Amino acid sequence: MELRKRRRGTTRSTQDEEEEEEEEEGGSGSGSQAPWWSWQWTVATVTGLATAGLLALTQACCVNTLHENLLWFQQLTVAPHNPSNNLQQPQIEHHQTEVEREISFRTECGLYYSYYKQMLNAPSIKEGLSELIHDNLTESKRTINLLQRMNIYQEVLLSILYRLLPIQSYLEPMYFYIYSVFSLQAVYVMALYLTAWLLGGSWMAGVLAAIWYILNRVDTTRVEFTISLRENWSLPFLALQVAAITCYLRPQLGASQQKVMVWLMYVCSLCFCVTWQFNQFIFLVQAFVIYTLDCVDMLTAAQVNTLYLVQASALLSVWLLQFFNAMILGSLVLSFIVAALLVRHFHHSLKTGSFVARVSRLIIHSTAVLLLTFAINFLAKKALRLRSDEHIFKFIKSKFAWGPTRDFDANLYLCEEAFGALPLDTLERLSATLVLGPYALTLTLMGGALALAALRNLRTKGGGAERKAEGPVVASFRPDVAYNLLHTLFYGLLAFSTMRMKYIWTGHMCAVAAYGVCGGDVWAMLLHALRCNAKVLLKLVRYAAPVAVVAFLYYKFWPKMVEELSDLREFYDPDTVELMTWISTKTPESAVLAGSMQLLAGVKLCTGRVITNHPHYEDEELRDRTKQVYQVYARRSPRAVHAILQELGADYVVLENSICYERRHLRGCRLRDLLDLANGHIMDGEGDNDADLVAAAHPRFCDAVKTDSPEYAALFKRTFQNKTFHVYRVRKKAKKNS
């Protein structure tokens, strides 16, 4: 480690000189020579922070306007909010206009929002929490702890705040919820702004990052139509954590400043983990980044230990908050952190010896870490009897393995576009806004410099002349830049493999691209290659380039953005409104409904009825339930379907024409095809079938039940229908034929 310090201290590079100038402008280069009380620093910092706040507010207002334009919420007038009624007794009847608003919370979004509504309708906070801890509405014939199973602490917190704050007379609960989520978008933009500012050394980098994030809204967020989705709560905190890590890894940071950054990293990591069930997989990728930087000696031992412990502390804190959720203890990331720290502790000679010896030890070290990780994880899952996340590993195995699979859960993910590969039109859109070009150039040049710096660190012998030949950027490669480069690279690979994960990558891409345009490192390398090392030219290019990019973006995209913000639409789904109104008024409050998990989430929100299954898929028994309920879309006998529904306690089953006669997916990916494959039956339509598949003995239930033939009418009675939905009451006993 002393060798690294000498290397950093002996080279007075062009980069260091530029960073002195950046500090004079309120920048954040690796040096901090300008006193914090200088008027230049103060003016630049205040200007930068004010601009950050303005851009953050712009993003929040934009997504709010787009959401309003899409759903026309303000035109749906509901009855005046009465706090005493809402907070002391459950709502029994729902106004149709309120239902029209609530059905906009599609799929799992409706499920999460229903718990916010449930907390508000509870007589008190204490009773509301008790209902969540002992819930028997979300899964029929089961009592579950929702705070343990689901990441809904944000709904609990917002419901408590709404009760306590004096806003009930003029702000509806739904708007308080929506505005809270949109406010997090402002936090997201602020975090990206600060990250780019810290990397690029100028607040102009933050401006460019924020503008790129706003203009690439289609690829950076989907918050305006999936408000309560867990990632919309968690990703702003992940961006804040990355900003805190970037600041923590800056050279010459004081001890007290490091402590503040460590606490900030922990708080952001905790908020990220507690708001998203996929936290362990995102943290696993981040742990790989830290491990890679440790292996190539880009971070000190103290920094590596601190970053690992921050992750572990956040996960263990969530484990406590979620009532000792076994899924966290059995996560791969915790096993990896323990394995990495153990092997590192006992393998003292990893960073000594010649280049060949170090590379050999590194291979052995990495192999030992991976083997120990899988061993610890296997033993932990065996001890905890954990199978909650089994479907995710089935999906990963099926996605990257050769040949098809018949596993229902794996196919359910594989056939969804969001879990497929990143479409190429995403790159086309990013290129049109000029973010992809600078990003690719920055990643290529700085990634190459990082590779050279890593090789230099692996070589124990290297004099000052050799470092000078490598160039100033390589000779003193900043650890904060190294972290962000690997962060964007690893999450970029994740995004290319799974489209849903692109929202983690594209936001950070804007910050990295802005660093490339506004920072001195990339320009210094380009000018160094062209033998043009004039300081004046470097400064001119650094400030002219972002101004030119912003001017181009304003000229090309401002009219389109104004047009988009003024485009009024209307969300119209009368069939679903009719269904929810019928359920609320024509079924008993204790009625249990079965159906697709996406629809049942809305049923729970709009009607408060008990449901058999739901979209929060991280539970083995729930996955089995869902597969059983979905047999209504398979080729099963009426008695078999009736037995399944009775076992789950269902009083009514809702059939959807859009599933029974699905055309959205190709053959082999329709829900009825997945069920046929899982049941060993030949699929519908023209096409090949595996040789071992057999013809089903019964017609498809969802279609045959509509004929009201005696064998079906004896077990199911149609009670509601419209163009989209058919509802059947499940008879408790078979009706005798006359």
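Glycine residues also receive a Cβ, built from the backbone N, Cα and C atoms like all the rest.
TrEMBL has this to say about the protein:
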- 1-10: compositional bias 'Basic residues' (COMPBIAS)
- 1-35: region 'Disordered' (REGION)
- 16-26: compositional bias 'Acidic residues' (COMPBIAS)
- 150-168: transmembrane segment (TRANSMEM)
- 196-215: transmembrane segment (TRANSMEM)
- 260-278: transmembrane segment (TRANSMEM)
- 314-342: transmembrane segment (TRANSMEM)
- 362-380: transmembrane segment (TRANSMEM)
- 434-455: transmembrane segment (TRANSMEM)
- 481-499: transmembrane segment (TRANSMEM)
- 511-530: transmembrane segment (TRANSMEM)
- 536-555: transmembrane segment (TRANSMEM)
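Here the transmembrane segment (511-530) does not lie next to the transmembrane segment (260-278) in space: the count of CB pairs under 8 Å, restricted to residues six or more apart, is fewer than 3. Spatially, the transmembrane segment (150-168) is not adjacent to the transmembrane segment (434-455); fewer than three Cβ-Cβ distances between them are under 8 Å for residues at least 6 apart in sequence. Contact count against the transmembrane segment (434-455) (Cβ pairs under 8 Å) is highest for 536-555, out of 314-342, 362-380, 536-555.
The stretch in 314-342, 362-380, 536-555 that contributes the largest number of Cβ pairs under 8 Å to the transmembrane segment (196-215) is 536-555.
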